Amino acid sequence: MNKQHLTDYDPAIQKAIESELNRQESGLEMIPSENFVSLAVLEALGSVLTNKYSEGYPGKRYYGGCEFIDVVEQLAIDRAKEIFGAEHVNVQPLSGAPANVACYFALLEPGDTILGMDLSHGGHLTHGHPVTSIAKVFNFVRYKTDAQGLIDMDNLRAMALEHKPKLILVGYSAYSREIDYPAIKQIADEVGAMTMADIAHIAGLIAGKQMNNPVPIFDVVSTTTHKTLRGPRGGMIMCKKDFAKKIDKAIFPGLQGGPHENNIAGKAIAFKEALEPAFVDYAKQIKANAKVLERKFNEFGYTLMFGGTDNHLLLIDVTPKGLTGAEAEKALDHAGITVNKNMIPDDPRSPMDPSGIRLGTPALTTRGMKEADMETVAVLIEQALTHHTDESVLQRVREEVKALTLQFPLYPEHR
Ligand SMILES: *Cc1c(COP(=O)(O)O)cnc(C)c1O
């Protein structure tokens, strides 16, 4: 067995990891689905738990030697139940996408109809976009947002009455408004549909009690653990007791093999963190920071989709300012600010060069940035976008970004 440390054994990989740490530390991470995990979570990810096979669930495994693995997985389950008030939790989904696929197979038969939100209005690929494999298995129909940018409840109800879906799906990747779960549950009951919420983006805001929680209301709720929830890269499913067996079977043996227990340990640690009173402050600050960006971009004359934000993200149409989403992303990249280009509702442009950019505050808030820093960040973004073809301006913004980030060290204990 090779007992050398990474630095000695594989300097090429070690160097790439160090460069990535530098990149994360010296730039402004504003992709709203990204975050920085704690040192404790990082330690769990790099632990010996990665060596163990543990197919099955706590107390019912297909492999021997799982007594400590069971402790880890049960703690993750119990903590998630406490955070969200869930009746049943499965912490094994490898990520958000497989969690969603497992939910569909648990609840439905091939060919059944699912009513979800249009991708360009904020939905996710796994909600039935034609490029996904899952779109070949189930019949996805779509509702949209209204002219004010809110979920069009009349359209949703009309689509539900017309298509009689087996499942109504809410929860989004680029939608910045609160969701009225009881109203959607009422429509689902009217047409006899099951309800599923995908809270991948907003799980941390729900855990921090800053957004509505669908878990007590909906049949099934899927999430990622690595976005606002600030855990390791992974997924999770919560459901009512009636669906527990079906959900567990759909994950294993239906879709996955051995669970990644090092990752599940990381989830358990992140959940412990999310149960601390400080996590409520974190969630509040994420929203307060997003509100500053909303105010500043309105002042600068940008068009905010959905009329603004109730959560951690903003979707901004940049085309009225004379550039495209791809050009904006590239200019900001040069300036050390990471965002992503994104479609706006009914975008006339293509996914590879859409009209908008999507940006958010979870990662910067983890670094300790507050309202005053957001004012600075908004001004830097505005300058980079206004002078997006001027390399000298982008260079100067990059230097200011670097100076700002130096005040908020990331993983100083790794230095
Ligand atoms: C990010 C996201 C997913 C997918 O998660 P992965 O971990 O990338 O597979 C699913 N649904 C929504 C709404 C998301 O935002």
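Note: Cβ is positioned from N, Cα and C throughout, glycine not excepted.
These numbers come from a predicted model, not from an experiment.
Copied from TrEMBL, the annotated features are:
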type	residues	note
BINDING	Leu119, Gly123, His124, Leu125	(6S)-5,6,7,8-tetrahydrofolate binding site
DOMAIN	6-381	domain 'Serine hydroxymethyltransferase-like'
MOD_RES	Lys227	N6-(pyridoxal phosphate)lysine
SITE	His226	site 'Plays an important role in substrate specificity'
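For His226 (site 'Plays an important role in substrate specificity'), the same-chain residues 6+ apart in sequence whose C-beta sits under 8 angstroms from its C-beta are Ser33, Asn35, Val37, Pro232, Arg233, Gly234. Under DSSP, His124 ((6S)-5,6,7,8-tetrahydrofolate binding site) is assigned to coil, being neither helix nor strand in the three-state scheme.
Counted within 10 Å of its Cβ, the other Cβ atoms near Gly123 ((6S)-5,6,7,8-tetrahydrofolate binding site) come to 25, all protein chains included. The recorded positions near ligand 1, defined by a Cβ under 6 Å from one of its atoms, do not include any of Leu119, Gly123, Leu125, His226. The average pLDDT computed for the domain 'Serine hydroxymethyltransferase-like' (6-381) is 96. For His124 ((6S)-5,6,7,8-tetrahydrofolate binding site), applying a Cβ distance below 8 Å and a minimum sequence separation of six or more within one chain yields Gly96, Asn100, Gly171, Tyr172, Ser173, Asp198, Ala200.
A Cβ within 8 Å of the Cβ centre of Leu119, Gly123, His124, Leu125, the residues given for (6S)-5,6,7,8-tetrahydrofolate, is found for these other residues of the same chain: Gly116, Met117, Gly122, Thr126, His127, Gly128, His129, Tyr172, Ser173. Sorting the binding-site residues Leu119, Leu125 by the number of other Cβ atoms within 10 Å puts Leu119 first.
Leu119 ((6S)-5,6,7,8-tetrahydrofolate binding site) sits 19 Å from Lys227 (N6-(pyridoxal phosphate)lysine), taking the CA atoms of both as reference points. In this structure, Leu119 ((6S)-5,6,7,8-tetrahydrofolate binding site) is part of a helix by DSSP. Around Lys227 (N6-(pyridoxal phosphate)lysine), taking its Cβ as the centre, 27 other Cβ atoms fall within 10 Å, counting all chains.
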